[in-house]
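In what follows, a single structure is set out as C-alpha cells and then discussed.
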Amino acid sequence: MSRVSQARNLGKYFLLIDNMLVVLGFFVVFPLISIRFVDQMGWAAVMVGIALGLRQFIQQGLGIFGGAIADRFGAKPMIVTGMLMRAAGFATMGIAHEPWLLWFSCLLSGLGGTLFDPPRSALVVKLIRPQQRGRFFSLLMMQDSAGAVIGALLGSWLLQYDFRLVCATGAVLFVLCAAFNAWLLPAWKLSTVRTPVREGMTRVMRDKRFVTYVLTLAGYYMLAVQVMLMLPIMVNDVAGAPSAVKWMYAIEACLSLTLLYPIARWSEKHFRLEHRLMAGLLIMSLSMMPVGMVSGLQQLFTLICLFYIGSIIAEPARETLSASLADARARGSYMGFSRLGLAIGGAIGYIGGGWLFDLGKSVHQPELPWMMLGIIGIFTFLALGWQFSQKRAARRLLERDA
C-alpha cells in the first residue's frame with residue numbers, strides 16, 4: 001500500500017472518530033435549548049429562535065472566511081481554536097438567565113463553528129476519493145443520527161437534574177475533541193496550492209453556478225433546521241413531557257442506520273445526484289404541511305418519519321453535489337461558502353419559524369408555520385429543478401457546438 005493510500009485510510013478513521021465527538025457534544029445541548037427556555041422558563045419561541053438563528057448565521061454565514069483562512073494556514077489551528085471557542089459558548093449557556101446571555105453564548109458557539117466546520121468538510125473532500133464520497137457522506141450521516149440519539153438521551157437525562165450539567169457535558173466533549181485534533185491531526189494543507197485568503201474567496205464568488213446553487217438551498221435548510229426548534233416543541237406539546245423528544249431522535253437513528261446506506265448505494269446507481277436531492281426535498285415539504293393539524297403522538301411521529309426519509313434521500317446527494325462542484329485550488333473557501341445557504345435558511349427558519357409558531361398559537365391557527373414551511377419547500381424544489389434543467393441545456397449546447 002502506498003503512503004498516500006495509507007494516509008487516506010487512516011484519515012477516514014480519524015474523520016469518523018472526530019465526527020462522533022463533535023456530534024455528541026452538539027446534540028447533548030442543542031435539542032434541549034428550546035425545551036429549557038421555552039417550556040421550562042416560559043420564554044417566547046421567537047427569543048430562542050433568535051439565539052439559534054444567530055448561531056446558525058454566524059457559523060455558516062462566515063464559513064467562507066473560516067475556509068479561506070484554513071486554505072492559507074492549514075486545518076489544524078483553525079479546528080482546535082474553534083472547538084475550544086464552542087466549549088466556551090456552551091459553558092456560558094449554562095448560566096444564561098437573560099436572553100442577551102443566551103444570544104452571546106450562541107454567538108461564541110457560532111464563531112467556533114465558523115473556524116472548525118469548513119476545514120473539517122474540506123478534509124473529507126481531500127481524503128476521500130470522488131467515487132467514494134457519496135458512501136462516506138452516508139456513513140457520516142448514519143453516525144450523526146446515532147450520535148444525535150445518544151446525545152439527546154444523555155442531555156434529557158441530565159436535564160432532570162440541572163441544565164448546567166447539560167452544558168458542562170457538551171463543553172467537556174468539545175475540549176476532548178480539541179485535544180484529539182491537537183494530538184493526532186497532521187498539519188495537512190487543504191488545497192492543492194496555498195491560496196491567499198482574498199484569492200480563494202474571489203474564486204468562489206466568480207463561480208456563478210455554485211453561488212446560485214448554494215443560495216437556492218436556503219429554502220431546503222429552512223425546513224431542515226426545524227428538528228432543533230419547532231419539532232421538539234411540537235413533540236413536547238403533544239406528549240406533555242420533554243422526555244418524548246428523545247424518541248424523535250431515536251426514530252431518526254433507526255431510519256438512518258437501517259435505510260441510509262442501502263438507499264445511497266442503490267440510488268447512486270440509478271439516479272442523478274440532483275434528482276435524489278429534489279425527491280428528498282419534495283418528501284420533506286409534503287410531510288411538514290400537516291404537522292400542525294395532528295393531535296396524537298402516533299400521527300406526529302409518522303409525519304416525522306416521512307420527513308426523516310426525505311432527509312435521508314436528499315442529504316448525501318446534497319453533500320456530494322456540493323463537493324463535486326468545489327474547485328480543488330480553494331477547497332476550504334468553497335466548502336465554507338457552501339454553508340451560506342444554511343446560514344441564510346437556518347437564520348430565517350429559526351427566527352421566522354419561531355415567530356410564526358407564536359403567531360399561530362395567538363390566532364389559534366397552529367397549522368400556520370407548518371403550511372408556510374411546506375410551501376417554501378415546494379418553491380425551492382421548483383427553483384432547483386429550473387437550475388438543473390438550465391445546466392443540462394447548457395451542456396447539450398456545448399456538446400452540439402463541439
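Quick reminder: no glycine exception, Cβ is built from N, Cα and C everywhere.
Quick caveat, the model's predicted, so the values are computed rather than measured.
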Matching range for Swiss-Prot feature annotation, transmembrane segment, among 76-96, 139-159: 139-159
Shared topological domain relative to the membrane, Gln40 and Tyr334, Swiss-Prot: no
Helix, strand and coil counts within the topological domain 'Periplasmic' (361-367) (DSSP): 2 helix, 0 strand, 5 coil
Seg_contact(the transmembrane segment (214-234), the transmembrane segment (277-297)) with at least 3 CB pairs under 8 angstroms, min sep 6: yes
Same-chain residues at least 6 beyond the ends of the transmembrane segment (277-297) whose Cβ lies under 8 Å from its Cβ atoms: 220, 223-224, 226, 231, 234-235, 238-239, 244, 271, 303-304, 306-307, 309-315, 317-318, 321, 360, 365-371, 373-378, 380-381, 384-385, 388
Seg_contact(the transmembrane segment (340-360), the transmembrane segment (300-320)) with at least 3 CB pairs under 8 angstroms, min sep 6: no
Same-chain residues near the transmembrane segment (165-185), Cβ under 8 Å, at least 6 residues beyond its ends: 14, 17-18, 21-22, 24-26, 28-29, 32, 36, 75-76, 79-80, 83-84, 86-88, 90-91, 93-94, 112, 154-155, 158-159
